[in-house]
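Copied from TrEMBL, the annotated features are:
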- D79: active site, proton acceptor (ACT_SITE)
- H107: active site, proton donor (ACT_SITE)
- K207: active site (ACT_SITE)
- 78-84, 106-108, R371, 397-399, 480-482: GTP binding site (BINDING)
- D79, E80, G81, K82, N104, A105, G106, H107, T196, R210, Q290, T305, R369: IMP binding site (BINDING)
- D79, G106: Mg(2+) binding site (BINDING)
- T365, T366, T367, G368, R369, P370, R371: substrate binding site (BINDING)
Amino acid sequence: MSLSTLSHPAAAAAAAATGSGKFLFPAGPAVQSVRFPKARAPVPAAVSSATAAVHADSAEDRVSSLSQVSGVLGSQWGDEGKGKLVDVLAPRFDIVARCQGGANAGHTIYNTEGKKFALHLVPSGILHEGTLCVVGNGAVIHVPGFFGEIDGLESNGVRCDGRILVSDRAHLLFDLHQVVDGLREAELENSFIGTTKRGIGPCYSSKVTRNGLRVCDLRHMDTFGDKLDVLFKDAASRFQGFQYSKSMLKEEVERYKKFADRLEPFIADTVHVLNESIQQKKKILVEGGQATMLDIDFGTYPFVTSSSPSAGGICTGLGIAPRVIGDLIGVVKAYTSRVGSGPFPTELFGEEGDRLRKAGMEFGTTTGRPRRCGWLDIVALKYCCQINGFSSLNLTKLDVLSGLSEIKVGVSYSQPDGQKLQSFPGDLDTLEQVQVNYEVLPGWQSDISSVRSYNELPQAACLYVERIEELVGVPVHYIGVGPGRDALIYK
């Protein structure tokens, strides 16, 4: 994949600063100069204390203005930091609902004491006592993992009883699905998808081929074994490496009899619960897992997940009408990362990629795998904004870019013959051959992790944020500058 570089006028102007606020940039054979605004003066301590109050007011205004049913969705290849925003917004909502995916999600959040929680299936509103968490019909449930997550939360003082509802229509993900996931990946050899091996794809396959089991089947243990037998036999007939015996079936049925008793208090008709809540004017925040570029229809197929993490998945995954959905917030890193295989046009290799990976601590929450890192891809981001109709963006990990002398932004794709592509291509052969055209923006050297007001950010950081808004046509309302709850700027 080859690269070409453009210079945005304002970015080029800031590329080579002199002490007087005068900047130089190359323009063809000559070197021209241009006046650029001087860096903001340090904020006095007296102003800093007042800034905290302003920050609190702007945060309250921004969050309280969100619609009754709002959503937080990923707008790259996942791992953008959706969980943190959901955790921050949750106190202003009555319900936080997961609409798709399973334990392949890895949402990292922190409580007020700074303790870290890695959530996979439980919605990220769980740390807030007054919030009801719902796992919708579009999700897939690995019951042992679900209880393991709950046990971990409760051992750390987070009460879960009476605070989580699981849809009776959601499909059950069994250990056999996880075994099949690994066997499929091994079968693909060099063209493997790079899944989390959590059994998500095989479980959704069972759902689509109509031999899957749902949560409501746990209420009918008299027929549960027969249905599970079909799944076991199907896997054994498909994969030579899958060992199956009647004793395995008997053991699994006995295991799920115990799970059924414990899960019963969590099971609900969540379609009814959510629609009743909407009628009662309760506020609902939808939490997406994975991201649009991993969507089964709109992502880089076949290197995608097995569900619909884009806006359409909200309706099918929760059973609510499109007309009730209001604000949708797209979460996007200040750069790009992805886990697993598949095309990645702006990927960085060598020291540059390692620098982003290390600074951003880019290792999978679910798998621990090192993430591939690269520059922000505006073509992919605009595509995600079109599909989802985002009302605003949450730009995360802006602090990771601190210390770079310059920052590149992929603004367009060209084909090998030089012809510019008008949209994000669905054909992977085309995507693998694109030439990425970059704009170069100035970097900043100061640590911004303690900044809480947009006006206190370095000039170059503001330029970066505003150029993203200009390129995608969607405002950035939230800016992440660290992992903690408070490390968030409201713009």
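Cβ atoms here come from the backbone N, Cα and C positions, even for glycine.
In terms of Cα spacing, the recorded positions H107, R369, R371 that come within 10 Å of G81 (GTP binding site) are H107. Within the set of recorded positions D79, N104, G106, K207, P370, the entry lying nearest in space to L398 (GTP binding site) is D79 (CA atoms).
When the recorded positions K84, K207 are scored by other C-beta atoms within 10 Å, K84 scores highest.
With respect to their backbone Cα atoms, G106 (IMP binding site) and V481 (GTP binding site) stand 20 Å from each other. Close to Q290 (IMP binding site) in the fold, though at least 6 residues off in sequence, lie G74, G78, Q100, G101, N104, A105, T305, S307, P309, each with a CB less than 8 Å from its CB. Taking CA atoms as the reference points, K84 (GTP binding site) and G368 (substrate binding site) are 19 Å apart. Cβ packing within 10 Å was compared across the recorded positions H107, R369, R371, and the lowest neighbour count falls to R369. For D79 (active site, proton acceptor), the recorded positions whose C-alpha atoms fall inside a 10 Å radius of its own C-alpha are H107, R371, out of H107, K207, R369, P370, R371, V481. Rounded to a whole number, the distance between the Cα atoms of R371 (substrate binding site) and T108 (GTP binding site) is 15 Å. When the alpha carbons of P370 (substrate binding site) and the residue listed as 'active site, proton donor' are compared, the span between them is 16 angstrom. Most Cβ neighbours within 10 Å, among the binding-site residues N104, T108: N104 holds that distinction in the structure as shown. Of the candidate recorded positions, H107, K207, V481, the one lying closest to R369 (IMP binding site) when CA atoms are compared is H107. Taking H107, K207, V481 as the recorded positions under consideration, the smallest Cα distance to G368 (substrate binding site) is found for H107. Note on proximity: among H107, K207, V481, the recorded positions of the record, the Cα nearest R371 (substrate binding site) is that of H107.
Summarising the environment of G368 (substrate binding site), the number of other Cβ atoms within 10 Å of its Cβ, over all protein chains shown, is 9.
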